[in-house]
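Chemist: What follows is a structure written as structure tokens; I'll ask about it next.
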Amino acid sequence: MSGKTAGTTNNITQARRTVQQLRIEASIERIKVSKASADLMLYCEEHAKKDPLLMGIPASENPFKDKKTCILL
Amino acid sequence: MCDQTFLAIVFGPCDKCFKEKPLRPVYIKSEQLSYCSLCVEMMATEGLHENETLASLKNEAESLKGKLEEERAKLHDVELHQVAERVEALGQFVMKTRRTLKGHGNKVLCMDWCKDKRRIVSSSQDGKVIVWDSFTTNKEHAVTMPCTWVMACAYAPSGCAIACGGLDNKCSVYPLTFDKNENMAAKKKSVAMHTNYLSACSFTNSDMQILTASGDGTCALWDVESGQLLQSFHGHGADVLCLDLAPSETGNTFVSGGCDKKAMVWDMRSGQCIQSFETHDSDINSVRYYPSGDAFASGSDDATCRLYDLRADREVAIYSKESIIFGASSVDFSLSGRLLFAGYNDYTINVWDVLKGSRVSILFGHENRVSTLRVSPDGTAFCSGSWDHTLRV
């Protein structure tokens, strides 16, 4: 280990950390894209009815609809 | 301005050799210890096996990366939009601006909705943070921060406080009070301390903890009451620009995106990075979880938005068009997750069909870049803030 400066030891620790991180990532469990996409679609379909931006809400319920000004008789 | 330095030299007994020396913090298996500089050097060189040189570690890193790509590719049997072909197409969308909130003196940089679905907090370049009632467009509270470029603001889940931060490198929490005599600035609590600007902040499920992301490349979890650092997350190679918490009640993960083009998913309790995704070509400006928590979308300066699935561990969709050349600054999903709203630097908002990957509609109206965009908690509306000093609902 002759001639090691602080710069190279930092690189080594960094490299070691990267390798450890990659090992962790390589070992996680994955599912197929077809299954993941099917699940995403299922979620969308289940919640689509409740999505106001998707379905549109009647004007009476829309809190942002401009209300007509009141006329004082 | 900021008068406190972040790095204080701690003098004390080293955790390894027990001599009294100036200490440096060291992270071993996500635990923080304090070693003197001599022990740090020794630790770096010891444990190096016979053949473990820098070159061999780099080779191993490369081969692991290759192996990761292979594993991910094996499961890539079909594209999301192919699976989505059997889903009905969405009809035409008509979305109009219902409210325009004017009052900021300069570019609006960030906004957040309150859980009561009507209040909005927004922050701008001139240092002002304003709380609006979106139904009536009234301003309820206004605070002037001592710094400009307030790039992050968040509403507490209880609706009783707001957090904001920017170039002052810290995150301040202001309790909201309706008492006219109370000066809001007096009750300010400084919670987070970073060594560079604060780019994003968010309360966790409670009022008591805040997650922050900063230009110094780290994210951190803080306790609001004591201001103490609970956990820090190191791993990004450059500024972290955005973060989002997983939507589930028991969730303890969050995703962050940064200038190193990576989006990383972290475990909040251990501080460990669980997954990372590096397919963007440029800085990631905004990340948002899909409502189910199994995926997240990111918007980036490379003019694309991408959807990553966490369980399949890969990118599953890209939302881009040749005609779009400006970066996406901010993304959010509609309540069901079918629509993705993205605000771009070309002053427009594009609405994408998440499953089919096609653009559903473009919204015009802002006169300058759209810097921030959020859908309201009940999904009835979304608010966009822009450099043209206004917010539109």
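Count begins at 1; order follows the chain as displayed.
Quick reminder: no glycine exception, Cβ is built from N, Cα and C everywhere.
Unlike curated entries, TrEMBL annotations are predicted automatically.
Below are the features I grabbed from TrEMBL:
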- B:51-81: coiled coil (COILED)
- B:101-133: repeat 'WD' (REPEAT)
- B:191-232: repeat 'WD' (REPEAT)
- B:233-276: repeat 'WD' (REPEAT)
- B:277-318: repeat 'WD' (REPEAT)
- B:330-362: repeat 'WD' (REPEAT)
- B:363-393: repeat 'WD' (REPEAT)
Chemist: Under 8 Å between C-beta atoms and at least six residues away from its ends: which parts of the chain pack against the repeat 'WD' (B:277-318)?
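Modeler: Those are 72, 75-76, 79-81, 241-248, 251, 255-259, 261-265, 324-333, 335-337, 340, 342-344, 352, 354, 357, in sequence order.
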Chemist: Within the same chain, where does the coiled coil (B:51-81) have neighbours whose Cβ lies under 8 angstroms from its own Cβ atoms, ignoring anything closer than 6 residues to its ends? I mean 6 or more beyond.
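Modeler: Non-local partners: 307, 312-314, 316-317, 355-357.
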Chemist: If you run through the repeat 'WD' (B:233-276) with DSSP, how many residues end up as helix, strand and coil?
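Modeler: Helix, strand and coil residues of the repeat 'WD' (B:233-276) number 0 helix, 22 strand, 22 coil.
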Chemist: Counting only residues 6+ away from its ends, which parts of the chain sit with a Cβ under 8 Å from the repeat 'WD' (B:101-133)?
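Modeler: Tertiary neighbours of the repeat 'WD' (B:101-133) are 139-155, 157-159, 162, 164, 166, 174, 176, 200, 368, 371-372, 374-378, 380, 383, 385-393.
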Chemist: I need to check the long-range neighbours of the repeat 'WD' (B:191-232): which residues 6 or more away from its ends have a CB within less than 8 Å of a CB in the stretch?
Modeler: 4, 6-7, 110, 149, 151-158, 160-161, 163-173, 238-245, 249, 254, 256, 258, 266, 268-269, 271
Chemist: Could you tell me how many residues in the repeat 'WD' (B:191-232) are helical, how many are strand and how many are coil under DSSP?
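Modeler: Secondary-structure composition of the repeat 'WD' (B:191-232): 0 helix, 24 strand, 18 coil.
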Chemist: I'm checking region-level scores; what's the whole-number mean pLDDT for the repeat 'WD' (B:330-362)?
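Modeler: The average pLDDT of the model in the repeat 'WD' (B:330-362) works out to 88.
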